[in-house]
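The disulfide bond annotation in TrEMBL covers CYS111-CYS159, CYS116-CYS121, CYS129-CYS151. Per TrEMBL, the feature domain 'NTR' maps to 1-109.
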Amino acid sequence: VIRAKAVSAKEVDSGNDIYGNPIKRIQYEIKQIKMFKGPDRDIEFIYTAPSTAVCGRLLDTGGQKEDLIAGKSEGNGKMHITLCDLVSTWDSLTPTQKKSLNQRYQMGCECKISRCLSIPCFVSSSDECLWTDWAMEKNNVDGRQAKHYACIKRSDGSCAWYRGMAPPKQEFLDIEDP
């Protein structure tokens, strides 16, 4: 997960398919601004399929727009993204999302977020947070919970949604009911 600007793009060969046909990829050269999660080295290139028809993800290469990009890293300075990976302009993120990237999301790495596709829905264990944006906000994947909450693990091992700009207070982490 990185914050970056794409500065250039070019089509490159990426080996051959099982029939011997060349596989083309778009190679984006990027300027990494911040690494939130990933290898201990800067990401220099992001690769994707050459069109959205084959799940390629297009990035703006003007070098002006900053993006939050979550993809798959090879650990060697290369990253791959598809249409299924998260790519959002940095300016479109809420203050809570930006703050959570640095402080809160890592507190939920041991938690499981369970999707609620239709009401009623329930969690099956205390280490789950029930994500209801899809069911409650007309199939919206970028709703209130996604924009303003973080699923974090509390001191008793349970997980709960937390909303707020400051890091959670110990009292929140120690309570039994969310």
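Even glycines carry a Cβ here, placed using N, Cα and C.
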Handout entry: Those disulfide-bonded residues, out of CYS116, CYS121, CYS129, CYS151, that come within 10 angstroms of CYS159 (disulfide bond) at the Cα
Key = CYS129, CYS151
Fill in the blank from the handout: Out of the disulfide-bonded residues CYS111, CYS159, the residue with the smallest number of other Cβ atoms within 10 Å is CYS111
Practice task
Can you tell me which disulfide-bonded residues out of CYS111, CYS116, CYS121 are within 10 A of CYS151 (disulfide bond) by Cα, answering none if there aren't any?
Solution key: CYS111
Exercise for the section: List the Cα distance (Å, whole number) between CYS129 (disulfide bond) and CYS121 (disulfide bond). Expected result: 11
Fill in the blank from the handout: Same-chain residues at least 6 apart in sequence with Cβ under 8 Å of the Cβ of CYS121 (disulfide bond), in sequence order, are SER114, LEU130, THR132, ALA135
Completion exercise
The number of other Cβ atoms within 10 Å of the Cβ of CYS116 (disulfide bond), counted over all protein chains shown, is 16
Practice task
Provide the number of Cβ atoms within 10 Å of the Cβ of CYS129 (disulfide bond), excluding the reference atom itself.
Solution key: 23
